[in-house]
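Listed in TrEMBL:
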type: DOMAIN; residues: 69-312; note: domain 'GOST seven transmembrane'
type: TRANSMEM; residues: 73-93; note: transmembrane segment
type: TRANSMEM; residues: 105-127; note: transmembrane segment
type: TRANSMEM; residues: 139-165; note: transmembrane segment
type: TRANSMEM; residues: 177-195; note: transmembrane segment
type: TRANSMEM; residues: 211-235; note: transmembrane segment
type: TRANSMEM; residues: 256-274; note: transmembrane segment
type: TRANSMEM; residues: 280-300; note: transmembrane segment
Amino acid sequence: KVTVQKSNLTLAPPSPQFHMVIGQLDEGLYNLDFHYCENILPGNNRPYTLNVEVTEKNPGGYLSAAEIPLPRLYIFMAGVFFIIAMVWVYTLLKHRYSVFKIHWLMAALAFTKSISLVFHSINYHFINTEGHPIEGWAVMYYITHLLKGALLFITLALIGTGWAFVKYILSDKEKKIFMIVIPLQVLANVAYIIIESTEEGSSEYALWKEVLFLVDLICCGAILFPVIWSVFLILSVSLFPSAAMNLEKLKLFRHYYVMIVCYIYFTRIIAILLKVTVPFQWQWCYEFLVEVSTLIFFVLTGYKFRPASNNPYLQLPLDEEDVEMDEVVTESGMLEGISKVKKTSNGRERQKESTL
């Protein structure tokens, strides 16, 4: 139903209405365009009021053909993430003497991801049945989505800097990364909430979509900074002959750095390119690919940093020559905050001394 109100504008009929029925062979993306003919000529800018009431509904609900599979997809992936979170907690309890604080942070991230997907599925369910989201469920989804995003980037930054696994103290530069990433994550989630609650045709939608893309890009760059910096340190400090043993620890992280780059590159670029190239009814595959890639990334991260006495990521060299190496490296300003640790009889690693 389209209603145009203006004192000097005459339409026949005054409130035009039209009804369209689209079959399965004609399903796709449709646009409703409005043109005010009085303003076509250059220099004309006459005001007008436009009220549009549009009801779009498929036989199975209010979701489009590209969104119908999403509620089932989200609830299924929520169950999968919950299972791996329980397996991870069982692993932590089984190897409790080799557990670091960051291991529990990884568990919190997996549970938060699962809860976020549950609320996301419920939100889409009510959109499908009622035609609009229920405010309470939508708010719960936005809160858990905010926590999930913050935990994800914090965990990636902590592991990327080698905190807990290589060193126990973050340098000033690394602390500044968190001071940048956390507020940007809040801004990104605010932009996401505004995008979810506004129409695509509104000017706010286009503005906040650009803000979300820019902020997300900056956050990814901030996460990749410690990764690139750590690789630079590996190449630089390898010039010291006595640094070989401790550098072996950092070299292990090169594989994880590649994982981070591949995960960010796939979810931010490849998946989006696939979304715009596949047919309309298959665009839900974008969400499927993002969730599956996130699941694979979580599983590989957990496997690499699982608490176990024989895990090379959790073992530090014990030779005395490493102390000399720490002094040389610290004096040069590289690897600031790397700690010398010692294995106890029960297998748990404790901090012995910290080179500052």
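All positions are counted from 1 along the displayed chain.
Heads up, the Cβ atoms here are built off N, Cα and C, so glycines get one too.
Segment contact is absent for the transmembrane segment (256-274) and the transmembrane segment (105-127), given fewer than three CB pairs below 8 angstroms at sequence separation of 6 or more.
Sequence-distant residue pairs (6 or more apart) of the transmembrane segment (73-93) and the transmembrane segment (280-300) include at least 3 whose Cβ atoms are under 8 Å, placing the two stretches in contact. Counting residues 6+ beyond its ends, the transmembrane segment (105-127) has Cβ neighbours under 8 Å at 62-63, 67, 70-75, 77-79, 81-82, 84-85, 88-89, 92, 133-134, 137-138, 140-141, 144-145, 147-148, 151-152, 154-155, 158, 291, 294, 298, 301-302, 305 in the same chain.
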